[in-house]
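S.K.: Quick paste of what TrEMBL says about this protein:
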DOMAIN    24-316  domain 'Tryptophan synthase beta chain-like PALP'
MOD_RES   Lys59  N6-(pyridoxal phosphate)lysine
BINDING   Asn85, Gly186, Asn187, Ala188, Gly189, Asn190, Thr315  pyridoxal 5'-phosphate binding site
Amino acid sequence: MRQGVIRRFRGWLPEVPDHAVTTIGEGDTPLIEAPTLSERIGAKLFLKFEGMNPTASFKDRGMTVAMSRAVASGSRACVCASTGNTAASAAAYAARAGIKCFVVVPAGKIALGKAVQVLAHGAEIVQIEGNFDAALRISQQIAGDRGDVTLVNSVNPDRIQGQKTGAFEVCEVLGSPPDALALPVGNAGNITSYWKGFSEWRDAGYSGLAPRMLGFQAEGASPLVAGHDFENPETVASAIRIGAPASKEGALAAARESGGAIESVTDDEILAAQGLLAREEGVFCEPASAAGLAGLLKLAGEGRGPEGTVVSVLTGHGLKDPDVILDRVELPEPVAATFEAVAGRMERLVP
Ligand SMILES: *Cc1c(COP(=O)(O)O)cnc(C)c1O
């Protein structure tokens, strides 16, 4: 049975009384060898497939802690701003906890699968005519205004605490920390979390050094690379379409202290990496999740890629965003229901 990250890593996490533990069996996601892509990047690559969490993104690791602590403190509702996955996760965990969920999202900017999840779980969704950064400001105000409502964005420290368990799992499965960890950076909570996890693991005296943290933003939403906020962030990778990252300091510290870096990749590089993961390794992640691999390919191409063992965190499942695929490839027209018509296609595929 999947016991969830709170029960599995209890000694490492903030206190949650038994009765308040709200879990759907998150964590314990696969670390998948990627032999073909390893050759491409010139290092031994593993994929930490966070799309295998209950709501199909890593957000569940933090949400279980944030929601459990909200329940323990007597909250009647949670609120969050979201580019989609935080909303999907909050909606599911609030349903599980039996409290109300209120999500604020940029109008028309949420990937289809994520919007469907929010609706399925019965959360209240408010679309604003503004971007994620505006949604976060408003959500913070709403939570600040009401003592019985908990903000469950990654500015809530319980989210960061829960998400650091991804680092513990990587260390456990590999037997020691990898040499480098690559991941997408949006609001910068997750890179902050992983660095916290690796640092705590090292400080607890387990073997190995903490890895170099390699964070990648989408070029059109790369405030940490440019050194200033983006008024109108734009990228196909909607999960990292953020112009003013709340955990900016955490991300910069992770890169600095680990000898890593935060760089940017283009939308074309992101989509190409998403395609390679799906077609060469059989792993389907959403566009934002492929930013880590896109970055590794870029560094390798420039002769400055990491060596040794490298983990790329695939933050969310590809089914979250079907439109990105359907924009580029179509289902073919039907053919006659005859052997000849169908066999002709097979012949074309494998002459
Ligand atoms: C939230 C999210 C990110 C970005 O994580 P941050 O903590 O905001 O940096 C990346 N990919 C996916 C799929 C996400 O849901």
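A Cβ is built for glycine as well, from the same backbone N, Cα and C atoms used for every other residue.
TrEMBL does not curate its annotations; it predicts them automatically.
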S.K.: Most Cβ neighbours within 10 Å: which of the binding-site residues Asn85, Asn187 is it?
M.R.: Asn85
S.K.: Determine the Cβ neighbour count for the residue listed as 'N6-(pyridoxal phosphate)lysine': the number of other Cβ atoms within 10 Å of its Cβ.
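M.R.: For the residue listed as 'N6-(pyridoxal phosphate)lysine', the 10 Å Cβ neighbour count is 34.
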S.K.: Give the sequence-ordered set of same-chain residues, not counting Asn85, Gly186, Asn187, Ala188, Gly189, Asn190, Thr315, with Cβ within 8 Å of the centre of the Cβ atoms defining the pyridoxal 5'-phosphate site.
M.R.: Lys59, Ser154, Pro184, Val185, Ile191, Ala239, Ile240, Ile242
S.K.: Cα of Gly186 (pyridoxal 5'-phosphate binding site) to Cα of the residue listed as 'N6-(pyridoxal phosphate)lysine': how many Å, rounded?
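M.R.: Distance (Cα to Cα, whole Å): 13 Å.
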S.K.: Could you measure between Gly189 (pyridoxal 5'-phosphate binding site) and Lys59 (N6-(pyridoxal phosphate)lysine) for me? Cα positions, answer in whole angstrom.
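M.R.: Each residue's Cα considered, Gly189 (pyridoxal 5'-phosphate binding site) and Lys59 (N6-(pyridoxal phosphate)lysine) end up 10 Å apart.
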S.K.: Could you check which of these binding-site residues, Asn187, Ala188, Thr315, sit within 10 Å of the residue listed as 'N6-(pyridoxal phosphate)lysine', going Cα to Cα?
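M.R.: The binding-site residues passing the 10 Å Cα test are Thr315.
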S.K.: Sequence gap of 6 or more, Cβ distance under 8 Å: name the residues on the same chain that satisfy this around Asn190 (pyridoxal 5'-phosphate binding site), in order along the sequence.
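M.R.: Result: Phe58, Ser154, Gln163, Gly166, Leu183, Pro184, Val313, Thr315.
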S.K.: How many angstrom lie between the most widely spaced Cα atoms of the pyridoxal 5'-phosphate binders Asn85, Gly186, Asn187, Ala188, Gly189, Asn190, Thr315?
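M.R.: Overall maximum Cα spacing for these binding residues reaches 14 Å.
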S.K.: So which one is it: of the binding-site residues Gly186, Gly189, which has the fewest other Cβ atoms within 10 Å?
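M.R.: Gly189, out of the binding-site residues Gly186, Gly189, has the fewest neighbouring Cβ atoms within 10 Å.
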S.K.: So which one is it: of the binding-site residues Ala188, Thr315, which has the fewest other Cβ atoms within 10 Å?
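M.R.: Among the binding-site residues Ala188, Thr315, the sparsest Cβ neighbourhood within 10 Å belongs to Ala188.
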S.K.: Need the DSSP three-state call for the residue listed as 'N6-(pyridoxal phosphate)lysine' to compare against my parser.
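M.R.: SS state of the residue listed as 'N6-(pyridoxal phosphate)lysine' = helix.
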